[in-house]
Amino acid sequence: MEFKNPNTVTINPVSEQSSSGTNDNGNQLDTHTITPVSDQSNGGSDNRGKKPVPLGIKILAVAIVSMYTFGSRWSNGVTGALKSTLKKKLHISNTQYAILTSTKDIVKLSLILFSGVLTDRYGGASTMLCGTAVDTFGAIMVATATQVRSFKFMIVGSIIESLGEVAISTAQYKILSSWFAPSSGFASSVGIEHGIGKIGSFVAKSTANIIAHNLGLSWAYWMIVFMNLFTNAIALLFWWMTRQCEKRYTHIKDPATGETLTENTKKFQIRKIILLPWSFWLVCLFTMLEDPLSNLFSRNSTELAEQRFNISPSKAGLYSAVSHYSGFFLAPLIGIFIDVFGQRITLMLICGSGLLLSMCLLTWGPTVAGAAASLVIYGIFSSYDSTLITDSLRTSMWYQDIFGSGVAIRSAIKDSMEVIISLIAGVLQDRDDNKYYRVTILYVVLAASCVLVACLMLALGLATDNMGKLQWSRKKRVKNGHVINAKRQESESEGHAEKQRMLNIINFSAVLLLILGAWVSYLWGLVTKQN
């Protein structure tokens with residue numbers, strides 16, 4: 001949906017104490033004098049004669065996006081479930097398998113930053129429609145590669161797939177952010193979308209080995225192609241729906257800050273990206289550790305279950321899928337909890353602690369019971385991590401109209417780490433006679449780091465509103481909307497803006513170095529192991 005640019009606000013520093021809080025220098029801000037000012041460039045005439053968006057239309061939008069996610073997540077569960085089958089049929093090592101799974105990540109992280117900026121500029125619906133078409137073409141190539149048993153051709157197909165996934169990964173969240181504000185349905189809608197997506201991953205992962213065993217390896221991948229045709233139809237439907245809503249309904253606003261939510265900006269917003277708050281980068285630090293751990297464990301869990309339980313790949317895939325995705329209903333419930341009560345940092349600490357417990361059981365309880373308990377605990381605490389992180393990123397940002405870029409930065413960071421960590425894990429496993437004893441130590445280190453970062457965020461949340469707003473409930477956020485506006489305007493002031501720009505330049509440089517490190521790791525794997 002096309003909306004106006006965010007409102008601007010004005011603030012007046014005062015010497016007397018105010019209940020609204022202080023700036024970074026300790027000066028009080030009279031935030032009660034802050035009032036949203038409409039963006040004059042848009043005139044406001046676009047809303048004349050239009051109605052507010054009905055709740056039913058919002059629910060329909062979430063339903064369509066969730067159906068799309070069900071189809072798009074299908075492919076994510078297949079390759080991980082078929083790890084042992086792929087290694088046997090294509091005659092590849094663990095490191096080569098890591099190269100195969102890292103190929104998507106390496107292409108995505110190379111283009112994801114550009115994708116986020118373009119998504120903000122042209123809109124989530126259009127980007128999703130184009131990305132799905134490219135993803136489908138790549139899926140056809142991958143399915144063909146499995147049929148002719150060509151590892152190199154499969155890598156080429158994965159590269160084409162990843163070009164489409166680059167656009168898709170940012171578009172879905174950008175779309176939802178244009179329909180719902182933080183603490184006003186955004187976490188709930190993301191939770192529903194993730195819950196339905198987990199069902200798609202579960203069905204794909206639990207049936208992949210069964211299909212491969214009974215019909216052949218290639219049919220498991222042709223099922224992905226058929227599912228992609230379904231997602232193309234859904235993407236086209238949603239694109240048409242957004243165009244109709246633009247003609248009939250008014251723009252949606254954040255009830256706390258008065259900010260107008262946008263589906264596309266019609267221009268590039270580089271200045272706003274350079275002013276991302278430091279709280280955003282701390283959330284990215286948490287996701288840099290948690291996402292690679294969660295995704296790597298998910299990819300390897302089927303083979304790990306084969307070894308620990310001494311069962312067939314089909315049964316291992318089913319057990320792994322049940323343990324990972326049986327908690328799909330927790331994602332929307334946690335989303336509702338976040339919208340109403342907040343406590344995002346507390347939930348990060350709980351998530352990290354649960355993952356640490358799971359990895360410790362897997363490492364130092366190498367029995368059937370220990371592995372089973374680890375899988376169950378992991379399934380519970382990883383069921384809502386994406387919902388929590390996505391909402392925390394949105395809540396930490398000043399402007400919704402660059403949320404696509406924010407999601408892209410997060411994706412670049414986590415994909416870079418996934419490439420590096422997955423290749424390290426592959427080498428460790430090859431040197432451990434295909435076992436997971438050394439790899440699980442790596443899991444423990446990542447989980448413990450998540451807990452430490454969450455503790456740091458919790459301490460900072462008690463000291464400053466910039467991080468503390470992640471803990472706010474819906475009622476408190478609406479009440480303190482003027483505080484958010486004051487902090488946002490303060491960050492744009494001459495002195496603070498320069499500090500923010502320097503901090504972001506440093507952080508963006510670190511992200512680029514991380515991307516470079518991922519490329520070096522990937523190329524090392526190709527040169528030393530592929531042949």
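From the backbone N, Cα and C atoms, a Cβ is placed for every residue, glycine too.
Predicted, not measured: the structure shown is a model, and the values here were computed from it.
If you look up TrEMBL, you'll see 1-50 marked as region 'Disordered'.
Under the heading compositional bias 'Polar residues', TrEMBL lists 1-45.
TrEMBL lists 61-465 with the feature domain 'Major facilitator superfamily (MFS) profile'.
When Cβ-Cβ distances below 8 Å are used as the criterion, the transmembrane segment (219-240) is approached by residues 61, 64-65, 67-68, 71-72, 74-75, 78, 82, 125-126, 128-129, 132-133, 135-136, 139-140, 142-143, 146, 175, 204, 208-209, 211-212 of the same chain, each at least six residues removed from its ends. Under the heading transmembrane segment, TrEMBL lists 219-240 (among others).
Only residues 6 or more beyond the boundaries of the transmembrane segment (273-289), in the same chain, are considered here, and those with a CB under 8 A from a CB of the stretch are 117, 348, 352, 389, 392-393, 396-398, 402, 405-406, 409-410, 413-414, 417, 446, 449-450, 453-454, 456-457, 460, 466-467, 469-470, 491-492, 497, 500-501, 503-505, 507. As annotated by TrEMBL, transmembrane segment applies to 273-289 (among others).
Non-local neighbours of the transmembrane segment (322-342) in the same chain are 183-192, 194-196, 198-199, 201-202, 205-206, 298, 301, 375-376, 378-380, 382-384, 386-388, 391, 470-474, 476-477; each lies 6+ residues outside the stretch with a CB under 8 Å from one of its CB atoms. Taken from TrEMBL, the feature transmembrane segment covers 322-342 (among others).
Taken from TrEMBL, the feature transmembrane segment covers 354-381 (among others).
Residues or ranges marked as transmembrane segment in TrEMBL: 441-464 (among others). Remote same-chain partners of the transmembrane segment (441-464), defined as residues 6 or more beyond its termini with a Cβ less than 8 Å from a stretch Cβ, comprise 279, 282-283, 285-286, 289-290, 292-293, 296-297, 345-346, 348-349, 351-353, 355-356, 358-360, 362-363, 421, 424-425, 428, 470-471.
Positions annotated as transmembrane segment by TrEMBL: 505-525 (among others).
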PLDDT averaged over the residues of the domain 'Major facilitator superfamily (MFS) profile' (61-465):
87
